[in-house]
Amino acid sequence: MANSRYEYVRNRELPDPLLPNAYFVVRIDGRGFHKFSKHYDFAKPNDLNALNLLNAAATAVMRQLPDIVLGYGVSDEYSFLFRRRTELFDRRASKIVTTVVSTFTAAYTFLWPQYFPDRPLVAEMLPTFDGRAVVYCTKKEIRDYFSWRQVDCHINNLYNTTFHALMDKGGMSNTDAEARLSGTVAADKNEILFSQFGINYNNEPEIFKKGNVAFRDLKKLVEGEEQPENLKLEDMNLDKEFSSKNAKAKARRRIQKAEIVVQHVDIIQDYFWNERAPWILADE
Ligand code: DGT
Ligand code: MG
Ligand code: MG
Ligand code: MG
Ligand code: MG
């Protein structure tokens, strides 16, 4: 392209790289979903169709962006962990965040009729999402980040489950139920659920208690296909040193072919990270 006297404006675009070699998480969150969920009459406290749609949109994002190694979603939000050494878009934060947000939004909108066939989207109330990228330098911080989101899911779900039981089964008003729960701790809410309504919180669906953990099921694929000798799941992290370019290319193909699954499992304890998906944080 020829130089013009207007060219200088290009230099006003400033670099915004995410710290090299550091982990980062992109979290998206529905804008004004308090109103949105009311408008489309989401079930309270948890709408299973809405959650399944959220998961389907997140799965679409992970299929488009293979460098995302883990997703965790609840309510109107999803967090995506990228592999530490990803060079996607030269790690430019705005390109990465906007791509995640628009891919998620497009998929959510496109898939909406499959999950809400009787409630078409209207132009005045379209789903939109914000997004941000946050850098974390250590594995501990990544573990703590996902623990933070999963604890949040648990606390909110216990509160909402008890709140709605007090109103729907206990006949309380919104205000009375709120007053009843003010100052209570988790044990009090478990006790209210059990003694007043015969609900054992432990028996509530895992999807509501634990949220949604999206990752590639490499193991399934590994077992389903001819299993190369000595293949270890922890060796499937593309950030690791590979013995050859060929070995790395093979691992990349396997990762891209793997099915993306959504499970409702504990990601606070070690089991998920050490046994279920050991490649996610196994880069050194
Ligand atoms: P924001 O994020 O600042 O633009 O505002 P909101 O309104 O999106 O607030 P946020 O993200 O803190 O909270 C999520 C809202 O979405 C919250 O009001 C509850 C609603 N919501 C999410 N999932 C469900 C659901 O399954 N059922 C119902 N009834 N509401 C839900
Ligand atoms: Mg908010
Ligand atoms: Mg929101
Ligand atoms: Mg939210
Ligand atoms: Mg372009």
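Quick reminder: no glycine exception, Cβ is built from N, Cα and C everywhere.
Per TrEMBL, domain 'tRNAHis guanylyltransferase catalytic' is recorded for 6-136.
Taken from TrEMBL, the feature Mg(2+) 1 binding site applies to Asp29, Gly30, Asp76. Taken residue by residue with DSSP, Gly30 (Mg(2+) 1 binding site) is part of a strand. Note on Gly30 (Mg(2+) 1 binding site): other Cβ atoms within 10 Å of its Cβ, all shown chains, come to 21.
In the structure as shown, the Cβ atom of Phe33 (GTP binding site) sits within 10 Å of 19 other Cβ atoms. Sequence annotations record features per position, and here TrEMBL assigns GTP binding site to Asp29, Gly30, Arg31, Gly32, Phe33, His34, Ser75, Asp76.
Annotation source TrEMBL lists Mg(2+) 2 binding site at Asp29, Asp76. According to DSSP, Asp76 (Mg(2+) 1 binding site) sits in a coil region rather than a helix or strand. Spatially close to Asp76 (Mg(2+) 1 binding site) yet at least six residues away along the chain are Asp29, Gly30, Phe33, Phe36, Ser37, Leu54, judged by Cβ distances under 8 angstroms.
Annotation comment: TrEMBL describes 93-112 as transmembrane segment. Remote same-chain residues near the transmembrane segment (93-112) are listed as 16-18, 26, 28, 53-54, 56-58, 60-61, 64-65, 78, 80, 82, 121, 126-133 (criterion: CB distance under 8 Å, separation of at least six residues from the stretch ends).
Residues or ranges marked as domain 'Thg1 C-terminal' in TrEMBL: 140-269. Helix, strand and coil counts from DSSP across the domain 'Thg1 C-terminal' (140-269) read 81 helix, 9 strand, 40 coil.
Highlighted here are the binding-site residues (Asp29, His34, Ser75, Asp76) whose C-beta falls below 6 Å from ligand 4: Asp29, Ser75, Asp76, in sequence order. Listed in sequence order, the residues Ile28, Arg31, Phe33, Ser75, Glu77, Phe129, Asp130 complete the 8 Å Cβ shell around the Mg(2+) 1 site centroid, once Asp29, Gly30, Asp76 themselves are left out. Looking at the residues that bind GTP per the record, Asp29, Gly30, Arg31, Gly32, Phe33, His34, Ser75, Asp76, the two CA atoms farthest apart are separated by 12 Å. Long-range neighbours of Gly32 (GTP binding site) (same chain, six or more residues apart, CB within less than 8 Å of its CB): Thr128. For Arg31 (GTP binding site), other Cβ atoms within 10 Å of its Cβ number 14.
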